[in-house]
Amino acid sequence: MLNPDGVYLGNYRCSLMGFDLNRHWANPSPWAHPTLHGVKQLIIEMYNNPKINLEFYIDIHAHSTMMNGFMYGNIFEDEERFQRQAVFPKLLCQNAEDFSYSSTSFNRDAVKAGTGRRFLGGLLNDTSYCYTLEVSFYSYVLGGPTSAVPYTEEAYMKLGRNVARTFLDYYRLNSLVERPLAPSPKTRKEKLTLFKCTPQLGQGNSHAGGKPEKRSQACLKDQSLATR
């Protein structure tokens, strides 16, 4: 929680002093943005510690206009790194019915340059993955615009559990966890080569030209992926 004073006052974006904290990661002030300053210093210390392998940074936000949960990721010139970054959102889409991979976007918009995801994506090396996880204030849809399901506290907590489950799947795929911690269905083929979902490419993308595709609100999962 990087905005405790603002949230206490009922703000969902600005701090007590009126700053949008997720635009000041490049040069946070210890006086005006103390939480960002402290967390940034901690991340840099961890990154420079040879005993620590910092692999994921996920900034969690609520979204006021979009439905479902979805992610923002970064764009890299290295195609392999760009593709590896897409693995985690694809796995999460399999585990969470309210997570939309079709609404997930990879970009480097100038207006987002001061976000944690953008700044740390440029600071950390290619073994680290930085995302923003956005979740709707309102609801998620399952198959059509008329099937909106309002989010509840339990639904938000369920998405959090599915994020944790996705970490387990991710490290199983990378042979870092030899066996599941709990029984799981054996219908899903755990091969990265099966992932055929196409992420939405935002502004500044070096892999495609023109405007990004219009986002869909539903989680249009690839038919080749079995779901839980």
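Just so you know, glycine gets a Cβ as well, placed from its N, Cα and C.
For 1-171, the entry in TrEMBL reads domain 'Peptidase M14'. The active site, proton donor/acceptor feature in TrEMBL is assigned to Glu134. Positions annotated as region 'Disordered' by TrEMBL: 202-228.
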Cβ contacts of the residue listed as 'active site, proton donor/acceptor' (under 8 Å, same chain, 6 or more positions away): His61, Ala62, His63, Met66, Gly69, Phe70, Met71, Tyr72
- prompt: If you average pLDDT over the domain 'Peptidase M14' (1-171), what do you get?
  reply: 93
